[in-house]
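Student: Per Swiss-Prot, the feature DNA-binding region maps to 20-48. Taken from Swiss-Prot, the feature compositional bias 'Basic and acidic residues' applies to 43-53. If you look up Swiss-Prot, you'll see 54-64 marked as compositional bias 'Basic residues'. The compositional bias 'Polar residues' annotation in Swiss-Prot covers 330-339. Residues or ranges marked as domain 'PAS' in Swiss-Prot: 444-516. Per Swiss-Prot, region 'Disordered' is recorded for 43-75, 319-342.
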């Protein structure tokens, strides 16, 4: 038999508006306390909270009920107004009767009716206006829409916005004062300096001889270009960052700088053609090397010296670098006299500062994008010295082997590497390049730890410019050099190869390894990997005694998120010929 409940138990078991989450799920009787008794007994009082109810759906019955309520409210408001107006009118009538008792009845009735009208108007003005109630969709889209909705401003079309002859949409008071207005712009009838220069005869186009001007005035600055309506490029060049522009400029210098042989008067790199996507495929190593050069062209080359061809005449990166060095030498501010940045450290000194990933992120603020401009400039000087200046022809080779090999390298850069590199780096900004450098250093730490933990073949890691970043102990033992000789200053991997190995390396790297092979060939089938990130080859490795050791090698590339090569890892295994 069911136990009879006491009065207190009946009171406790009364239903409450909202139960807690636990009691709602377990179907228990909850109380008003928080935490409730059920949660307190079970030790879960910290999680005791009210159960949130789902919002009810608004069906057609609910909408119909709201309409009825609105109609009844409307009738109540009208009744209230009538009830409030009746005593006001009666009081006014009594007062007028006492004041006009001596007048005739007709005048009294006329005055009463006039005052009634005035009082009713005052009463209606004192009451708040009633908002229109929308009872049907027809009212919503009918007359009520015109009353409730304010008129929206008209938005001009694109044709009206970009029409120069139309009236201005924005007020002149809102426009900045430093912008060029229509009155400040030159008329179409006025000729720009460029058009006047084109219309002059050839005899008048020669510059007038005058006093010697400083080097800064020889190159026009971007402000002058903008004022002459000839160019609108910013000071950073054609790309979003100055680092990408400098790297592209050095690649362009390697392609467009003339190289003269010592023993003859012929050039093997065409200096009159600067690299551009339009004339990308015009240079051929065979036809260019066999093209005869007349005496006048040779005299012009000799008198002008080995000048670089600037693809952007309005900016000189070399002059900017010299100017920045001069300003930094004269600058005595505490910011410029601070500690050395990570960018200027050699790989050997950088590893003494950053040994773990924690150190890398600790010194993250000091890391700057790598200066590939100076790297390519020094690499260009080394390649000239290796292939031209120090070229000693043997009995089986002609004197033109060195310049022809250098021309093959330039042709490989121009055909396979530079177009894709420019396309991928066109949209990069300074923050992207800084992130690339941080990712490069983080990947380099992983490669170094792998080389230390696992006994591997001799390994060396370098950047896409050829700068060596890491050399394993096995590589040091194989070549005979020590780590300070390789890592304490800028060293290129090309310094440890002979001429033929350098040419083969650039052919493999530019055509198959840098951005992945785009064509099927022997490197994809037999000596390469399926992902296009590793290539097997052979090279001659320089030893400390001056001899070359034949090695089987594999080049592995590490790319970033933009598919740009960051690091190249080379593993070398010596090949000993059996006699």
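Using the three backbone atoms N, Cα and C, a Cβ is placed for every residue, glycine included.
Are these features on the surface or tucked inside, and what are their neighbours?
Tutor: Within its own chain, the DNA-binding region (20-48) is flanked in space by residues 12-13, which lie at least six positions past its ends and keep a Cβ under 8 Å from the stretch.
Across the domain 'PAS' (444-516), DSSP assigns 41 helix, 12 strand, 20 coil.
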Student: Of the residues in the compositional bias 'Basic and acidic residues' (43-53), how many are helix, strand and coil by DSSP?
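Tutor: Residue counts for the compositional bias 'Basic and acidic residues' (43-53) by secondary structure: 3 helix, 1 strand, 7 coil.
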